[in-house]
Amino acid sequence: MANQEWKNETGVTEFILLDFGNDPELDPLLFLMFLSIYIVTITGNTFIIVLVGANRHLHTPMYFFLGNLACLEICYSSSILPRMLLSYLGRGRSISVRGCLAQYYFFGCLAAAECYLLAAMSYDRCLALCRPLHYPAHMGPRLCLQLAAASWISGFLSNSVLTCLLSKLDFCGPNKIDHFFCDSFPMIKLSCSDARVAGLVTSVVAGVCSLPPFLLTFSSYLHIIATVMRIPSATGRKKAFSTCSSHLIVVILFYWSILVVYVLPHQDKQFKPHKVFSAFYTILTPLVNPFIYSLRNKEVKEALRK
């Protein structure tokens, strides 16, 4: 009973997110930078959704998945960047424990969903380029809906387990999180209860959500590259490689940064570099995906002209 009273008296009710620095002089610069990133991210992805929905020539499996990805990126960025912008405006960097758990839940769900969705997109492109004659029969509307739904549902189900484990942890000591959003390992680091199970489950679930999709995506692009190599025209090969290489670079950055942060052995002294890696999959990827996947495509350019 005495132990319970001590926890109630000293329990942490809010966290302080340190973001990318604690220098007030840098706040206006960081605010403008992240506001620009957020505006471009939202505008670019919204533009893709509207364009795909309004142009019937883009009602194909590839653009169906791109529309889903754009919607996911909007939600993804909105779960992190608005709070950062408010903190740089002087609204304070504190966030309640429940608010922190809510942010982690939505961020984690969307990150896991993106892993699966990128794998589905790579599978679609592999079928389209490597087996064009069988593509219409294999990639029908029903399969597209199933793959998209499975990506979203799997992401939300997988992170529900982790959020439930984190909600059972006790926080009764330091409350400063050296990160720009609420993530699992920073919260586990501040817990005053036994968090080994939560840390282990976080790594396992992150590995299941990222490693198999990454291997599927990478193998799909290997098949695509092998097919491109058989194109007789040098111009055709160059054009195909230009598109595939840009896709592959973004995909590798996304998956690799997640694997580095969540799956590889985690040590406290390595945490600050993890903040940099986290920026790749939380800020950079949603920003560049509309340009990499859509705005370089011939069909999108034609739709824009019309």
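Keep in mind that glycine also has a Cβ here, set from the backbone N, Cα and C atoms.
What TrEMBL lists as transmembrane segment is 29-51, 63-82, 102-123, 143-162, 204-228, 240-264, 276-295. The domain 'G-protein coupled receptors family 1 profile' annotation in TrEMBL covers 44-293.
Among residues of the same chain six or more beyond the transmembrane segment (240-264), those with a C-beta under 8 A of the stretch's C-beta atoms are 111, 114-115, 118, 122, 125, 129, 183-185, 202-203, 206-207, 210-211, 213-214, 217-218, 221, 224-225, 228, 231, 274, 277-278, 280-281, 284-285, 288-289, 292-293, 296-297. Summed and averaged per residue, pLDDT over the domain 'G-protein coupled receptors family 1 profile' (44-293) gives 86.
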